[in-house]
Structure formats: C-alpha cells, structure tokens
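Trainee: Take this structure, written in structure tokens, and hold onto it; I'll ask about it next.
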Amino acid sequence: STMRKRKTTDSPHSSTDLSEGKEKLRLKQEVGLISGVSLIAGTMIGSGIFMSPEWVLHHMGSPASSLLIWAACGLLAMFGALSYAELGTIIKESGGEYIYILRIFGSFPAFLFAYTSVILVRPAGLAAVCLSFAEYAVAPFYPGCSSPQVVIKCTAAACILLLTIINCLNVRLATSVMNIFTAAKLLALLVIVVGGVVLLAKGQTRSFQNAFENTTAGIGAVGVAFYQGLWSYDGWNNLNYVTEELKKPEVTLPRAVMIAIPLVTCLYLLVNVSYLAAMTPSEVLSSGAVAVTWGDRVLGSWAWLISLSVALSTFGSSNGTFFSGGRVCYIAAREGHMPDILSMAHVRCLTPSPALLFTSAMSLIMIISGSFTSIVNFFSFIAWFFYGMTISGLLYLKIKKPELPRSYKVPIIIPIIVLMAAVYLVLAPIIDQPQIEILYIVLFIFSGVILYFPLVRFKCHPRFLQKVTLHLQLFLEVAPTTRDAN
C-alpha cells in the first residue's frame, strides 16, 4: 500500500529491506558536537534578532521590560531544550515532537501534529525566514525606496530552491554550510555588541533612564511580546529532529543544548542593549529594520556590512529550518502517516530527498501569499500548543515510567515550568485579544480528522497511488530506509 503502517516497536531492526540479501539503507550519523551546536545556534540566530526587537518593545512599552522578555524567552528556550534532551535520550529516534507524541500518546495526535507541521507550520516558518532574507538581500539594489514585492518573493523562492539542492546532495555539505554561516552570524552579532559597549562607554545611556516607564501589563500584550521574542529563539529543539543522525546522541544532544542556548541568549541581550544605546525607544519603534538603522548610526559608510550580515544570517537559519523540517516529513512517512514515497532516501546521496522536495514545494506556495508578522503569530500559537503536549508527555514518563533507561535527567520542576508557560502562551492571546485567525488555525488542525480515519486508520488508498509511487521511486532514484534507533 502507498501508506505504510509501521510497528511501533523499539527494535533497531524493525526495517524495510531494499531487497532480500542486500544491505539496508539508512541515513548516516554525521552530525557531531560542533555541527549540533551550529544546527541549534545557526537556526535560532536568523531574522528574529534583526527584526523582532521593535515588536517586543512595541508590545511591552519600555526598554527594561523588553529586555526582561528577551531574558525570559532565553530561559524558557533553555528549559524546553533540556526537557527535550531527556526525551531524546529515552526515545532515540529522529522526528522531534512528532515521534515523542506518537510513542507516548499514540497515532491520532501524532498524525494531527505531522499534518499541521508538514503542510503548514514548517513550510510557513521557512517561508518567513526566506522572505526576510530576500528583503535584506535586495535592499541595497533599491536605495531610498522600498523593494518591489515581486523581486522579494522571487529572491525568497530562489533561496528555497538553492537550499533544496544543497540538502538533497549531501548531509555533510548541508552541515558545512550551517557551520560556516553560524560563524559568520556570530561575528556579525559580536560587531553589534562591541559597538554597543563603545557607545555605553561614551555615556549614551538615555534609553536606560527611567527604563520601566510606560510598561504594559496586559496578559495578552505580554503573550504577544513573548511570541515575537520566542520567534528569535525558535530552533532550540532542532537537534531532536535529527537524533538518528547524531554521533553519540546521548552525549551530543545535552552538551550541544547547554553550549548553544546560553551563548545565543547572552548575545541577544547584549545586542538589544546595543540597539537601545544607539537609538531612543521611539527611534527603535519607528525603524523598519532596527539592525540596519543601528548600522547607519554607528558604522557610517560601513553600514552595508549589517545588511550583508543579516542576509547571511537568515540564509544560514533557513538552511537549519529546512534541514530539520524535511526530517519531520520523512519520519512521519516512515511511520505510515504520510505517503510512502516521502519516507525514502536517495540511494547514493543518502538524503531524504522526496521529503525535502515536498517541504520545498509547500514553502514556495507559502511565499506567494505570506507576510512576516502574521506568519510569526500563527506559527508561535501552533508551535507552543504542540510543545505543551510534548512536555506533558515527558512528565507522564517521569511519573509513570521512571524505570525507563535514560542517560540524562532534567529536574521535574523544569518541564512543569515549560508546560505552564506553554499553556499561558496558547491561552493568553485568546483570552485577551481573541482573533478570528486563531479559530481558522484550530479548524485546520482538526481538519486532519477527515484524512486520518480513511487513509491511516482504515487504509483506504486509491490503487493508482501505488503506480505513482513506483514511478516516482524510479525517477527520483530513492529506496525505503530502516531506522537505526534504540
């Protein structure tokens, strides 16, 4: 059948053979500690720190409260990642939230996550980052005026196509691109940090006098400010999507988390201080691109370096988002929740190319109609709904199945805090400022029911799909894979 229901045993040998007597096909374990840190930090540092500060400040109303939101977002990302690190050492399979929800709660909620993530969330996140890359990349060609939307969208589409080629060719090539771009963006952030230190040393501290004045206290406003801040931290869970491709996952996963997230949090706080040293709060709010305005103020004729750095940063981040997003589609297909062709890997390149091509196609569709701010808000709402479900699964395992072997344990108070934060982030905007878009999102999630029962539960598949799968398999040169997990 075109959709395959795989047994959910934990045996490393529950696999599909290429043919009898031949070697099994599987993805290589090529992601080490440095690449792991790069995958987390490189995906987290994207467009957010260059675009979100003005929105966090807008919703919070004061510099000090906006800095508190940035620090709280970093702490929450750290707590979430540490909780996921324990899950990753219990369930040593790729797929992130999808595989954890599947193994703990069962097939139906896992399908709803996969359906929402593969069709909407991951492509939308990738589209948002590529759109922001395109804005900065084409800006120098249109000095003094806004760039045409057609040019921006065509550039974003070209970015997605280039990422598709890189990720389909070789895992090592994709991780090398990630490492190089992570180093470049860390250097760019250090330039902004050093510039801020120089400004503070010269006595430019106006923004920090009466720093809590005009602070907003509404729960909805704080929730939306968290959404904008957490968008900049999104990617803290990316390593869990590629657990099967990690070298020594039980060691690499917790270590990479403990290095990458504190590093990013410190940089984000210092960069925000630098922005506020160069500009007053009202100037930050009126800036269309806060990093570029900072560059104009501080670097003068070298301000083009900031536009270049943002373009490089967002390209590197979109590579990390694409790398992990394709894995969700691949793993969901391997478990029978997506068409079989998406669970296959290229026979020579050993990359999940059909899943990557599908993610690319969905992202291109999102680019046609997407806008940055709307994408961020609905992305965050869905993401935190499923983060909350995943963390509640960890709490269930800690309380009900403490005997399960795990090489790393997180104190139970940490997942409890993350779960409380997830509930707040999902409910606060609904209670304080209900929007019709949230209803559309909920309806979309549960529209998956229409597909789940006929296609997955009762396996009603049109016969022609099997022929389509065989033709695609020959055309794309792909074959079924086996997982390599405990």
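First residue shown is number 1, and so on along the chain.
Every residue gets a Cβ built from N, Cα and C, even glycine.
Just so you know, TrEMBL annotations are computer predictions that nobody has curated.
Here the structure is a predicted model, which means the values were calculated and not measured.
Residues or ranges marked as region 'Disordered' in TrEMBL: 1-22. The transmembrane segment annotation in TrEMBL covers 31-52, 64-85, 97-118, 154-174, 180-201, 256-278, 298-317, 354-372, 378-397, 409-431, 437-456.
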Trainee: Between the transmembrane segment (298-317) and the transmembrane segment (437-456), are there three or more C-beta pairs closer than 8 Å, counting only pairs 6 or more apart along the chain?
Mentor: no
Trainee: Using a cut-off of under 8 Å between C-beta atoms, tell me which stretch among 97-118, 256-278, 437-456 contacts the transmembrane segment (378-397) the most.
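Mentor: Looking at each of 97-118, 256-278, 437-456 in turn, the most contacts to the transmembrane segment (378-397) are made by 97-118.
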Trainee: Looking at the stretches 97-118, 154-174, 180-201, 256-278, which one shares the most CB pairs under 8 Å with the transmembrane segment (437-456)?
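Mentor: The stretch I would name here is 97-118.
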Trainee: Output the single range from 97-118, 180-201, 256-278, 409-431 maximising the number of Cβ pairs under 8 Å to the transmembrane segment (64-85).
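Mentor: Out of the listed stretches, 256-278 contacts the transmembrane segment (64-85) most.
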Trainee: Rank 154-174, 256-278, 409-431 by Cβ pairs under 8 Å to the transmembrane segment (180-201) and hand me the top one.
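Mentor: Stretch with the highest Cβ contact count: 256-278.
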